[in-house]
Amino acid sequence: MRRLKGQPRGRGLFPPPWVSTGYRGAGPVPSALGLHGRSRGGAWSLGFRGLRPAHLTCAARDPWAPDRGSGAPRALQAVLLQIKNMVKLIHTLADHGDDVNCCAFSFSLLATCSLDKTIRLYSLHDFTELPHSPLKFHTYAVHCCCFSPSGHILASCSTDGTTVLWNTENGQMLAVMEQPSGSPVRVCQFSPDSRCLTSGAADGTVVLWNTQSYKLYRCGSVKDGSLVACAFSPNGSFFVTGSSCGDLTVWDDKMRCLHSEKAHDLGITCCDFSSQPVSDGEQGLQFFRLASCGQDCQVKIWIVSFTHILGFELKYKSTLSGHCAPVLACAFSHDGQMLVSGSVDKSVIVYDTNTENILHTLTQHTRYVTTCAFAPNTLLLATGSMDKTVNIWQFDLETLCQARSTEDQLKQFTDDWSEEDVSTWLCAQDLKDLVGIFKMNNIDGKELLNLTKESLADDLKIDGYSYEKEAIENWISKKKRTSPMTNLVLPSAVLTPNRTLKMAINRWLETHQK
């Protein structure tokens with residue numbers, strides 16, 4: 001969902017009506033509806049942005065905890081508890097001595113690499129470290145590691161300018177491949193058939209290596225920035241690189257540049273393809289989902305297609321909000337049904353790729369989340385962080401399937417709320433000042449859901465006069481508690497949308513459109 005006008009960049013989605021805001025900030029925060037007020041412990045902000053569970057990192061308590069006294073139906077709390085149990089932390093690895101930069105799965109192993117210059121290997125059976133781990137060769141930080149599709153070979157790359165291939169069975173080095181320019185290597189990735197390996201460097205060069213001969217096959221470069229992300233299409237016919245300048249560049253298997261597009265204003269940090277194609281019934285073509293994330297706090301979804309006859313096409317599809325800080329990692333599940341992202345806000349968000357709704361938010365890491373990866377054959381998720389740990393999460397398949405249908409259930413619950421139920425919920429959230437406003441507008445559960453779909457009203461009332469939203473919010477943010485028009489003391493800092501004026505403006509625009 002796109003950021004609404006007037007909402008600060010990076011704030012992410014606001015909690016839906018049935019989740020406590022939990023916000024205890026130190027000053028006024030612009031809200032989706034422009035509703036402001038004073039609550040115990042500081043200022044609060046309330047916004048209705050649809051039935052998409054979201055987590056504010058500044059929340060004082062778990063947003064998924066049952067809200068006592070909220071007036072919400074017991075069945076609703078049962079559904080929320082069901083979602084909470086969808087995923088559980090089953091193991092934490094804390095062997096690295098510095099930031100964890102990357103983690104990767106094979107069918108039987110988990111690999112992690114770190115600023116401590118090492119790569120560690122763990123068995124998925126019991127998460128014990130293998131006897132020949134850690135793997136040591138790199139003289140500087142190891143930025144990325146990845147398995148070949150068979151899992152027999154592991155690649156790692158480092159600031160020392162090398163990409164190393166390892167035998168995962170015994171930990172022996174198979175080859176050391178030096179970046180032609182000697183530049184620090186930031187990312188490496190195997191092709192789906194294991195015949196090639198890409199390595200992208202800080203100077204913008206990208207190399208395609210032959211994994212049989214360990215020799216350079218092709219070399220290219222981007223115009224600006226460092227290469228920090230890379231992903232092969234599931235069919236191996238092309239691959240995508242992402243740069244610190246924000247460009248997505250598409251290359252074919254001959255290293256010819258097919259396309260380049262500005263994707264993230266402040267730079268790309270990661271990209272990943274869904275292994276499951278999206279079919280086009282009309283032409284019988286295969287389209288693939290590509291996810292990218294960046295310093296702009298966003299995760300974007302793209303639809304990609306490529307045939308030698310019709311050529312290449314990259315289409316922007318949507319933007320997933322939820323994080324309030326730069327997003328450093330993203331990854332699809334093996335079945336393509338989920339997408340996860342990790343952020344500087346220390347959280348990991350799990351999305352449903354079909355509905356693009358947030359299924360869950362994981363907040364166990366204490367520092368930036370730098371990497372996330374799904375296992376290729378099981379519902380295991382690994383997340384790594386600058387807190388030097390890797391968390392292993394397990395999804396419950398049955399609960400996951402139930403959670404995917406939760407949105408309709410939640411909508412049904414809220415749809416049945418009476419005006420009194422809405423008032424009870426407002427009181428439970430310390431929003432008593434709004435009860436009168438909601439009752440005056442006859443807002444029941446059904447109307448509450450309609451509010452989630454409305455665009456913002458840019459004109460707001462505070463003292464009987466109408467003001468531009470940005471101007472009046474700026475007035476209040478300066479702790480002015482008098483009316484801009486009358487200079488009288490305001491009895492309340494509550495802002496309400498002037499719906500009548502908004503409707504009149506819309507009608508005027510409709511009749512005067514060319």
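For all residues, glycine too, the Cβ spot is worked out from N, Cα and C.
Note that this is a predicted model, so its numbers are computed, not measured.
For 417-470, the entry in TrEMBL reads domain 'SAM'. Sequence annotations record features per position, and here TrEMBL assigns domain 'U-box' to 463-514. The repeat 'WD' annotation in TrEMBL covers 135-176, 178-219, 231-252, 320-361, 362-396.
Distant neighbours of the repeat 'WD' (178-219): 140, 143-150, 153, 155-163, 165, 225-232, 234-236, 239, 241, 243, 251, 253-255; these residues of the same chain sit at least 6 beyond its ends, with a Cβ under 8 Å from one of its Cβ atoms. Outside the repeat 'WD' (362-396), and at least 6 residues removed from its termini, the chain residues within Cβ reach (under 8 Å) are 55, 57, 85-94, 96-107, 110, 112, 114, 124, 127, 328-334, 338, 340-344, 346-350. Listed by sequence, the residues of this chain that lie at least six past the ends of the repeat 'WD' (231-252) yet keep a Cβ under 8 A from its Cβ atoms are 187, 189-193, 198, 200, 204, 206, 220, 222-225, 258-277, 286, 288, 290, 292, 294, 302, 304, 306, 312, 314. Each residue in the repeat 'WD' (320-361) gets a DSSP state, and the totals come to 0 helix, 22 strand, 20 coil. Within the repeat 'WD' (135-176), the DSSP-based counts of helix, strand and coil residues read 0 helix, 24 strand, 18 coil.
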